[in-house]
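Participant: Before I ask anything, here is the structure I am working with.
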Amino acid sequence: MDTALKRSRSDEPAELPPPAREVEEKEEEEERMEQGLEEEEEEVDPRIQGELEKLNQSTDDINRRETELEDARQKFRSVLVEATVKLDELAKKIGKAVEDSKPYWEARRVARQAQLEAQKATQDFQRATEVLRAAKETISLAEQRLLEDDKRQFDSAWQEMLNHATQRVMEAEQTKTRSELVHKETAARYNAAMGRMRQLEKKLKRAINKSKPYFELKAKYYVQLEQLKKTVDDLQAKLALAKGEYKAALKSLERISDEIHERRRSNAMGPRGCGVGAEGSIASVENLPVSKPEPDAISVASEAFEDDNCSNLVSEDDSETQSVSSFSSGPTSPSEMPDQFPAVARPGSLDLPSPVSLSEFGMMFPILGPRSECSGASSPECEVERGDRAEGAENKMSDKANNNRVLGSTNGGSGRSRSQSSTSLESQALETRMKQLSLQCSKGRDGIIADIKMIFIFYTFLQ
């Protein structure tokens with residue numbers, strides 16, 4: 001038995017000590033982090049790679065253009081310094097002849113410039129002449145074909161073609177006129193410059209021959225410097241273009257970065273839900289009971305008290321019957337009365353143990369009117385109402401007495417004294433009863449008004 005237990009224990013794998021477990025957990029966490037980083041690197045927006053390549057290319061172009069521009073400027077400066085030094089040495093060597101021959105060389109430069117302008121004006125004039133000749137030939141051919149073909153009609157298309165040809169002829173004539181004027185002006189300037197140059201050449205022939213090496217070297221350096229200046233301008237334009245591409249790539253990367261950050265922020269925040277407390281309020285509204293509210297003890301007691309008073313009034317007086325009938329025509333049960341007020345959740349301590357709700361009180365006593373109309377037993381409206389009811393009762397009693405008298409008069413003379421005594425007794429009983437009813441009515445209304453005040457206080461507190 002012991003040997004079997006030892007064998008089973010030896011077969012079980014030995015548990016690792018706590019430090020070894022912690023090392024393994026750390027290694028697993030590092031592997032997970034590396035996997036997460038690899039996944040993030042895989043999810044990089046492909047546009048970033050393209051924009052980064054453009055950015056690197058623009059950086060290389062900017063560096064290369066800046067180097068080339070610096071070399072060109074350095075070369076321009078070196079050539080300028082070299083020309084200045086050599087021309088100064090040559091001017092000192094030649095001496096005064098350089099200054100004396102300057103007017104001739106200046107006139108020669110102006111004549112050369114006028115010659116170039118005249119040549120350009122001559123080319124423009126020849127081109128305008130050729131265009132005018134071609135337009136005139138087009139019009140002549142169109143007219144000739146129209147005249148040769150007897151069947152051809154002079155339609156709108158033919159008219160439009162002739163109009164275009166005529167317009168080209170007019171434009172060519174205007175261009176020819178302008179180029180002819182320019183050619184005449186440039187030719188006149190060229191002739192004047194050549195005349196002045198020949199005149200100065202005859203006058204300053206010796207100084208011109210002596211200073212000729214100086215001005216030839218100066219012209220050579222001038223052409224070289226012009227070429228270098230053009231190269232510098234081209235490199236500056238290319239550098240500005242490379243900087244523009246670099247700026248555009250930076251803006252694209254910034255836009256992509258903003259989009260990525262916005263997407264991450266929206267993913268972290270999640271979809272927008274309801275506001276704080278919105279779910280609770282919605283749930284409370286949905287869970288509100290749809291059943292009718294329970295009546296309370298005060299409304300039931302007031303209803304019973306009013307029913308008792310009204311039943312007494314109905315049995316004694318017809319006028320009271322009308323008022324009670326108007327009262328009974330309204331809804332008397334909670335199921336018949338509409339809900340004037342929505343159901344509102346309230347604390348359990350304020351619930352009244354009664355089968356009638358406070359919201360139905362206004363429908364149960366329509367005869368009393370609003371609260372402002374009868375606010376107490378001493379109100380003038382209530383006094384007037386009680387007086388009217390008492391007067392109506394007295395009128396009824398007088399009518400009944402008159403009827404009894406008429407009936408007594410129709411009877412024999414023997415029963416007249418008996419009818420009069422019975423009528424007087426009946427009238428006294430009626431008057432006593434009316435006084436009791438008026439007192440009961442006033443007391444009942446005072447109690448009802450007090451109950452109404454209490455109910456309004458409770459209703460206001462609940463709201």
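Cβ atoms are placed via backbone N, Cα and C, with glycine included.
These figures come from a predicted structure and were not determined experimentally.
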Participant: Do you know which of Ser333, Ser379 is annotated phosphoserine by Swiss-Prot?
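Facilitator: Annotation hit in Swiss-Prot: Ser379.
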Participant: Look through Ser315, Ser378, Ser427 and state which residue has the annotation phosphoserine in Swiss-Prot.
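Facilitator: My reading of Swiss-Prot gives Ser378.
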Participant: With Swiss-Prot open, pick whichever of Ser323, Ser375, Ser424 is annotated phosphoserine.
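Facilitator: Looking at Swiss-Prot, the phosphoserine feature maps to Ser424.
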Participant: For the compositional bias 'Basic and acidic residues' (45-54), how many residues does DSSP put in helix, in strand and in coil?
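Facilitator: In the compositional bias 'Basic and acidic residues' (45-54), the DSSP-based counts are 9 helix, 0 strand, 1 coil.
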